[in-house]
Amino acid sequence: MHEISIVRSVFETLQEAYPDKFKRITKVQIEAGLLSNIQPILIQNAFEALIMEEPALAEIELEVLLLPIIAHCAVCDKDFEVKRHKFMCDCGTPSKNIVQGEELQISRIEFLEN
């Protein structure tokens, strides 16, 4: 289950980035592209398991947003959403130039105000 290591890594990254403010984090938002093989429910389950190890994390809300696959067409110079695993632009040109969909990143952090 790689989700546990992903969630653990997210919170280790936040502890390193915000050592003085980490205990004031109230919400963390993660963006995951559809090609990243991340399932929001499995990430939430992993987060709940991590809370058992680190009870202080129970005060934090974790939100996972799935991002669609976006590719770029070199022929008509447009970005298009890949649907049903068809990497085909509306103009009929196939494209493997992925603009969005492979990422896994922390996109937002909210803190408790003083």
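Quick reminder: no glycine exception, Cβ is built from N, Cα and C everywhere.
Look at TrEMBL and you will find His2 tagged as Ni(2+) binding site. Look at TrEMBL and you will find Cys73, Cys76, Cys89, Cys91 tagged as Zn(2+) binding site.
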Does DSSP put Cys91 (Zn(2+) binding site) in a helix, in a strand, or in coil? coil
Within its own chain, what residues at least 6 apart in sequence put their Cβ under 8 Å from the Cβ of Cys76 (Zn(2+) binding site), listed in sequence order? Cys89, Asp90, Cys91, Thr93
Could you check the binding-site residues Cys73, Cys89, Cys91 and say which one's CB has the fewest neighbouring CB atoms inside 10 Å? Cys91
Rounding to whole Å, the Cα atoms of Cys73 (Zn(2+) binding site) and His2 (Ni(2+) binding site) are apart by 33
Counting only residues outside Cys73, Cys76, Cys89, Cys91 in the same chain, those with C-beta within 8 angstroms of the Zn(2+) site's C-beta centroid are Ala74, Val75, Asp77, Lys78, Phe80, Asp90, Gly92, Thr93, Ser95
Per DSSP, to which secondary structure element type does Cys76 (Zn(2+) binding site) belong, with helix, strand and coil as the options? coil
